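Visitor: Just lifted these from Swiss-Prot, have a look:
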MOD_RES   57  4-aspartylphosphate
DOMAIN    187-416  domain 'Sigma-54 factor interaction'
BINDING   215-222, 278-287  ATP binding site
DNA_BIND  481-500  DNA-binding region
């Protein structure tokens with residue numbers, strides 16, 4: 001059987017009709033699935049010894065969130081090494097990466113598979129995969145015909161990557177000015193909220209502006225900081241991380257600015273602080289809202305003048321550091337309450353970013369679940385970890401108060417439970433493997449709600465609510481602060497600090 005000229009022309013036309021790359025890619029693989037009458041098709045990008053799905057048709061949605069490493073998927077490794085059309089026989093010993101991921105056929109193995117490596121010159125840039133439940137599905141198509149399809153797909157992908165590279169070098173009008181393409185390996189999500197966030201990251205990454213990253217706990221603010229650093233001219237230099245919430249007041253200044261020998265008891269040698277470590281690079285200050293006012297003043301001076309002073313030293317050191325800061329607090333409210341310096345807030349928030357909570361990201365929940373399933377599969381040495389349709393619906397219907405971090409923990413816990421109840425190395429996650437309900441966390445009793453004063457302002461009511469939550473967590477965990485922190489899904493240092501601010505401890 002040969003492709004009619006009209007079919008190839010139709011594929012080429014479809015590649016030009018899309019508004020953006022994603023739309024073109026989707027049109028391509030949808031058209032190919034129809035023309036080849038197969039059950040599933042996928043376009044994958046090759047990067048750092050792994051294949052990243054760009055567009056799929058006929059596969060479960062969570063495939064878009066998975067990252068297929070060559071080491072973990074022998075068929076994809078064979079495609080990457082082949083340099084030409086690869087046909088896998090129905091009795092192939094190599095597991096198919098999409099087994100259990102074709103909707104309606106979850107319990108059946110994929111029988112026929114064709115892999116088409118995609119090249120730009122001599123460089124592997126991606127692959128097309130075609131799968132069918134019928135063993136002889138692709139025998140009617142010659143290798144030459146499939147090479148034509150691969151050439152069309154490679155051209156589309158190569159053009160998209162070239163445009164991305166040109167935009168990253170500020171060579172196109174209206175481009176973002178990003179120094180190099182941002183790798184989106186861990187920035188998973190196609191929702192409007194995440195698409196907007198990625199655009200904003202691209203805009204600010206190539207500049208040298210300080211960035212304030214806001215968002216609820218567990219949304220992935222550290223990943224945003226990493227993406228900004230990777231897309232900046234400073235990417236060749238260090239990205240240094242510091243959690244301000246975990247800093248005891250007595251050592252916070254030394255951690256930030258360093259100290260000299262003899263500056264205080266225990267200072268037995270000179271020590272560089274985080275600012276020195278990040279010189280010519282980027283410093284990420286997580287939970288910036290937890291810094292004391294005294295340290296805020298010293299941080300402001302560094303941002304204003306670019307010099308630091310080690311504890312116990314009279315000399316100043318010049319540093320060139322870009323500061324990225326993150327917080328789950330409303331710093332405007334903190335400024336009004338006198339807990340955060342207004343001048344520091346304005347210095348940090350030159351370009352503010354907001355990471356959306358998971359409940360506002362729609363189907364991204366499923367994509368992220370696929371990513372974590374693949375992580376668990378590799379970590380535990382399983383042949384496959386897939387979500388049942390019921391499990392997908394269950395994940396979509398939950399509110400995720402702990403955001404992406406809670407989803408990650410839920411997937412890991414579900415895999416362990418499912419593995420314990422099923423023999424073999426194949427795991428299917430069902431709804432019953434997830435303990436997702438609004439009463440998972442300790443909740444205030446009805447009596448405690450009634451006991452709260454009804455005429456307080458919002459801040460006072462919020463603080464009363466926080467006090468009640470902490471009291472109940474402590475009571476339910478025998479006043480063990482570490483266990484209470486785990487129950488409330490916060491770190492123990494942050495819980496101690498909050499309890500002290502709320503007057504629950506000295």
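Just so it is clear, glycine is given a Cβ too, placed from its N, Cα and C backbone atoms.
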Visitor: Residue 285 (ATP binding site) has how many other Cβ neighbours within 10 Å of its own Cβ?
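Guide: For residue 285 (ATP binding site), the count of other Cβ atoms within 10 Å is 25.
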Visitor: DSSP on residue 279 (ATP binding site), three-state: which is it?
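Guide: Residue 279 (ATP binding site) sits in coil per DSSP, no helix or strand.
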Visitor: So what pLDDT does the DNA-binding region (481-500) average out to?
Guide: 80
Visitor: Which residues of the chain, 6 or more past the ends of the DNA-binding region (481-500), have a CB below 8 A from one of its CBs?
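Guide: Distant contacts of the DNA-binding region (481-500): 217-218, 243, 245-248, 287, 290, 402, 405-406, 441-442, 466, 469-470, 473-474, 506.
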Visitor: Kindly assign residue 215 (ATP binding site) to one of the three DSSP-derived states: helix, strand or coil.
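Guide: Going by the DSSP assignment, residue 215 (ATP binding site) belongs to neither helix nor strand, so it counts as coil.
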Visitor: Could you tally the C-beta atoms, other than its own, that fall within 10 angstroms of the C-beta of residue 218 (ATP binding site)?
Guide: 22
Visitor: State the Cα to Cα distance, in Å, between residue 279 (ATP binding site) and residue 57 (4-aspartylphosphate), rounded to an integer.
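Guide: About 47 Å separates the two Cα atoms.
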Visitor: Using DSSP, what is the helix/strand/coil residue split across the DNA-binding region (481-500)?
Guide: 16 helix, 0 strand, 4 coil
Visitor: Give the distance between the Cα atoms of residue 221 (ATP binding site) and residue 57 (4-aspartylphosphate), rounded to the nearest whole Å.
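Guide: Between the Cα atoms of residue 221 (ATP binding site) and residue 57 (4-aspartylphosphate), the distance comes to 31 Å.
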Visitor: When you measure from the Cβ of residue 215 (ATP binding site), how many other Cβ atoms are you left with inside 10 Å?
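Guide: Total other Cβ atoms inside 10 Å, all chains included: 19.
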Visitor: Provide, as an integer number of angstrom, the distance between the C-alpha atoms of residue 218 (ATP binding site) and residue 57 (4-aspartylphosphate).
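Guide: The separation of the Cα atoms works out to 31 Å.
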Visitor: Run through the Cβ atoms and count how many others sit within 10 Å of the one on the residue listed as '4-aspartylphosphate'.
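Guide: The residue listed as '4-aspartylphosphate' is surrounded by 19 other Cβ atoms within 10 Å.
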Visitor: Between residue 215 (ATP binding site) and residue 57 (4-aspartylphosphate), what is the CA-CA distance rounded to a whole number of Å?
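Guide: Here the two Cα atoms are 33 Å apart.
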Visitor: Between the Cα atoms of the residue listed as '4-aspartylphosphate' and residue 282 (ATP binding site), what distance do you get, rounded to the nearest Å?
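Guide: It is 40 Å, counting Cα to Cα.
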